[in-house]
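Over in TrEMBL, the protein carries these features:
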- His243: active site, nucleophile (ACT_SITE)
- Lys245, Lys475: substrate binding site (BINDING)
- His473: active site, proton donor/acceptor (ACT_SITE)
- Ser496: site 'Interaction with DNA' (SITE)
Amino acid sequence: MAHSQVAYLIPLKADLKEDNSSPRITLSEGPNIIGRGNVSIVDKRLSRKHITIIASTSGSASLSVEGTNPVVIRSSGGGERKKVKPREEVSVSNDDLIELIPGHHYFKLVLLPIENKGSYERAAKKARKAEDDVEAIRRFCPPNEKLPSTFRLLSVNGLPDWANTSCVSINDVIEGDIVAAILSNYMVDVDWLMSACPKLANIPQVMVIHGEGDARQEYIQRKKPVNWILHKPRLPISFGTHHSKAIFLVYPRGVRVVVHTANLIHVDWNNKSQGLWMQDFPWKDDDKDPPKGCGFEGDLIDYLTVLKWPEFTANLPGRGNVKINAAFFKKFDYSDATVRLIASVPGYHTGLNLKKWGHMKLRTILQECIFDREFCRSPLVYQFSSLGSLDEKWLAEFGNSLSSGITEDKTPLGPGDPLIIWPTVEDVRCSLEGYAAGNAIPSPLKNVEKPFLKKYWARWKADHSARGRAMPHIKTFTRYNDQKLAWFLLTSSNLSKAAWGALQKNNSQLMIRSYELGVLFLPSPIKTQGCIFSCTESNPSTMKAKQARKDEAEKRSKLVTMTWQGDRYSPEIISLPIPYELPPKPYSAEDVPWSWDRGYSKKDVYGQVWPR
């Protein structure tokens with residue numbers, strides 16, 4: 001039987017103000033062991049069983065030190081500090097401050113007010129509801145049939161277990177009897193990749209499409225398994241890169257398409273806020289009329305064709321030797337795809353190609369979509385990890401694309417005011433990686449401190465996903481109204497002309513420098529939901545169900561955040577695990593946006609300054 005909740009430990013900053021970037025710790029009736037495993041602090045001085053707090057429904061509590069380091073209690077009354085040595089026990093009171101290491105890691109003890117059993121139960125119920133509102137990712141457990149319609153966050157080391165609910169690791173993606181794999185990314189650490197995902201060593205054919213420099217490419221060439229092929233796509237315009245992050249896995253039963261935001265390196269898959277979408281698709285049935293082409297298939301084949309990798313041969317059970325090239329991917333049935341692909345490829349795009357890539361592709365798709373009236377002139381969010389050299393003219397051009405769309409009565413949604421979610425210096429300093437996290441937020445002062453950007457800055461706040469200290473490498477763009485979303489884009493694209501493209505020659509040409517790839521979530525007909533085909537499960541019950549009830553045929557799914565309050569079991573509700581808070585909180589006068597070429601003398605959580 002679960003114990004009643006009777007108290008909380010509230011994390012505090014060094015100035016003793018509440019630290020909203022770290023989750024509070026719930027204390028139940030009876031003994032509660034607090035240590036390294038359930039505190040979002042990286043400090044080897046903390047023991048796995050550091051302290052025990054015994055709390056009761058009467059409103060009393062005691063603390064004993066289990067670890068090897070003393071703890072300091074500061075009374076709420078006179079501010080007296082008392083050192084509690086290992087194996088000592090003391091009484092603690094409401095609002096007492098606890099220093100888990102003397103002078104470090106402050107928490108405030110909050111005992112719930114208890115008058116009688118009835119009032120206690122009401123207080124506990126209220127506290128649980130407040131906890132649910134804050135720790136919303138606990139509830140993010142989408143059923144299998146809805147997984148292709150949403151995305152998931154990557155697991156983060158050092159967070160409490162609840163923070164990784166329904167999150168994924170690389171081994172959750174690269175699994176099963178894979179016969180060929182294409183890994184697309186910017187950075188690739190072969191040593192880490194092979195140790196983190198040993199399955200890769202057993203895949204007969206692996207193509208790695210990357211954006212590494214010459215020296216790093218030579219190193220990978222020496223270290224890679226013999227069955228791996230490396231390919232760096234052509235970059236026709238200077239200062240571009242191959243930045244797309246995707247995985248394509250070919251199985252005997254079909255293909256798995258994965259679009260994500262993490263480089264193939266340790267810190268990206270373990271320490272940062274990242275996102276991933278994937279869906280499995282079956283082979284087309286040669287004995288039946290081939291399904292009509294769909295938007296997703298066109299998006300995918302157009303993009304893969306441009307990459308021009310050296311085709312290779314894979315032996316597929318029951319199909320023999322097959323050439324793996326862009327055309328090969330036409331062999332799969334994408335009719336149940338739940339997203340659209342938004343890609344960027346370098347070049348000067350004109351004519352029909354003008355609307356095929358970058359922000360013009362996004363504009364074109366949104367223009368064809370019908371949205372609820374509540375999204376008229378609703379705000380936009382730009383969230384990313386690298387800021388290009390921008391000007392107000394281009395930001396307006398980009399905003400016009402993201403503001404596209406109409407309502408049922410053909411009314412344009414109209415422009416939305418954007419906010420840019422960007423970590424502050426304090427966010428980086430206090431993050432899981434300390435200042436080192438700033439290496440993956442590589443924007444120079446000259447880009448960050450342009451005066452016209454000041455009105456757009458908003459905080460990276462992520463209590464409900466416990467990712468306030470896991471710095472964002474995820475890139476997302478969305479239009480929202482409270483906790484409802486008109487659409488949502490998970491992408492590799494940062495906010496830059498190089499990634500999204502810039503219109504030239506009286507808007508007749510779009511110039512893009514880099515390769516990028518993202519997935520766009522849109523409100524879609526309910527009849528397209530319920531697709532649960534799997535490449536890794538052979539149980540017939542996992543096959544797709546195409547039939548929809550007549551009363552559902554005209555309905556459209558609704559996109560909401562994890563903190564949306566409503567019937568999550570409704571077939572029309574698709575919950576997306578947006579890791580940051582909506583509406584975003586604008587910067588205060590004290591907040592300073594992070595830039596990586598500036599010096600910071602205040603020490604981080606590891607005692608380091610920046611640059612090191």
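Cβ atoms are placed via backbone N, Cα and C, with glycine included.
What TrEMBL annotates, mapped onto the structure for a quick look.
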residue	record	CB count, 10 Å
His243	active site, nucleophile	25
Lys245	substrate binding site	27
His473	active site, proton donor/acceptor	25
Lys475	substrate binding site	25
Ser496	site 'Interaction with DNA'	22
Request  = Calculate the distance in Å between the alpha carbons (Cα) of Lys245 (substrate binding site) and Ser496 (site 'Interaction with DNA'), and round it to a whole number.
outcome  = 17
Ask   = In angstrom units, rounded to an integer, how far apart are the Cα atoms of Lys475 (substrate binding site) and Ser496 (site 'Interaction with DNA')?
value = 12
Request  = Can you grab the distance from Ser496 (site 'Interaction with DNA') over to the residue listed as 'active site, proton donor/acceptor'? Cα atoms, rounded to a whole Å.
outcome  = 15
Cα-to-Cα gap, the residue listed as 'active site, nucleophile' vs the residue listed as 'active site, proton donor/acceptor', nearest whole Å = 13
